[in-house]
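Participant: My questions all concern the structure below.
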Amino acid sequence: MSDYSDLDRQIEQLKRCEIIKENEVKALCAKAREILVEEGNVQRVDSPVTVCGDIHGQFYDLKELFKVGGDVPEKNYLFMGDFVDRGYYSVETFLLLLALKVRYPDRITLIRGNHESRQITQVYGFYDECLRKYGSTAVWRYCTEIFDYLSLSAIIDGKIFCVHGGLSPSIQYLDQIRSIDRKQEVPHDGPMCDLLWSDPEDQTGWGVSPRGAGYLFGSDVVSQFNRTNDIDMICRAHQLVMEGFKWHFNETVLTVWSAPNYCYRCGNVAAILELNEYLHRDFVIFEAAPQESRGIPSKKPQADYFL
């Protein structure tokens, strides 16, 4: 796009937590689709890069993240999904990230989380929020269509595998991820579902997930996968960590959580992972944006769903 003035104006508007017009959302999603369709299921990302976990519509905390981590395009970012649901500002959060993607496609990578799904967003807030803010379901439809185009995973310098949830018993090789047809709603089971839903667990082999989707996977599964694919570690999100990040299995799996004071009541801190060009790791810990800097909606937009 030769003229970025409209897009830059929309980005500024979204940064003030103001929604853009429905027809602007439609056009933005059309442009985003053109970019995302070219990305692979295992999207290649070059260091240096800052890796982020779940955001969940906590817009003012996303602003805090950029405050401590630096802005796009000065910094290169990878977000590991779950942009929407549960927080008060899923619309502004997702549209800001999407607008940044369209404006600076090589400086921000967005991969899909289990909440980037039609079914899940109808239960956990994004659908209702779109309806409330736009008076129709059109914006929800445009956004959920884009969800289908998001990459399923990313690999940094060929060495750090990034995925929202975890591993799948159906996948031994990265090439098996590359051959998935991702342009669909998240299935209830199978490899695509597992990548977005699974969790590491102190055990050997595979276990039944209490989430009802995906699997629990043990340290032996990880060492086999990492060895087979010649990678150093797996970086993922998907689980609340009170300290913002958590190592598993002798530093072969890392959970990063980037939504501070999750659901505005969990009291956790958040983290982002800064990787330099040598893949040296630096964790930046941050707290929720101060109360006075955030507009809290006058009434709660949704019921207290279980965490």
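Any Cβ shown, glycine's included, is placed from N, Cα and C.
The structure displayed is predicted, hence computed values, not measured ones.
So Swiss-Prot has the following annotated:
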BINDING   Asp54, His56, Asp82  Mn(2+) 1 binding site
BINDING   Asp82, Asn114, His164, His238  Mn(2+) 2 binding site
ACT_SITE  His115  active site, proton donor
MOD_RES   Leu307  leucine methyl ester
Participant: Count the Cβ atoms, other than its own, that fall within 10 Å of the Cβ of His164 (Mn(2+) 2 binding site), considering every protein chain shown.
Facilitator: 26
Participant: List the Cα distance (Å, whole number) between His164 (Mn(2+) 2 binding site) and His115 (active site, proton donor).
Facilitator: 10
Participant: Return one of helix, strand or coil for Asp82 (Mn(2+) 1 binding site), based on DSSP.
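Facilitator: Assignment for Asp82 (Mn(2+) 1 binding site) reads coil.
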Participant: Work out how many Å separate His238 (Mn(2+) 2 binding site) and Asp54 (Mn(2+) 1 binding site) at their Cα atoms, rounded off.
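Facilitator: Taking the Cα atoms only, His238 (Mn(2+) 2 binding site) lies 7 Å from Asp54 (Mn(2+) 1 binding site).
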Participant: Going by C-alpha distance, which of the binding-site residues Asp54, His56, Asp82 is nearest to Asn114 (Mn(2+) 2 binding site)?
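Facilitator: Going through Asp54, His56, Asp82 one by one, the Cα closest to that of Asn114 (Mn(2+) 2 binding site) is Asp82.
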Participant: Around the Mn(2+) 2 site formed by Asp82, Asn114, His164, His238, list the extra residues of the same chain whose Cβ is within 8 Å of the site's Cβ centroid.
Facilitator: Asp54, Met80, Gly81, Gly113, His115, Gly165, Leu196, Trp197, Ala237
Participant: So what sits near Asp82 (Mn(2+) 1 binding site) in its own chain, CB-to-CB under 8 Å and at least six residues off in sequence?
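Facilitator: Listed in sequence order, they are Gly53, Asp54, Ile55, His56, Gly113, Asn114, His115, Glu116, His164, Ala237, His238.
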Participant: Should Asp54 (Mn(2+) 1 binding site) be counted as helix, strand, or coil on the basis of DSSP?
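Facilitator: Reduced to three states, the DSSP call for Asp54 (Mn(2+) 1 binding site) is strand.
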Participant: Hey, for the Mn(2+) 1 site built from Asp54, His56, Asp82, who else sits with CB inside 8 A of the CB center?
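Facilitator: Close Cβ neighbours, site residues excluded: Gly53, Ile55, Gly57, Gly81, Phe83, Val84, Asp85, Arg86, Gly113, His115, Ala237, Ser258, Ala259.
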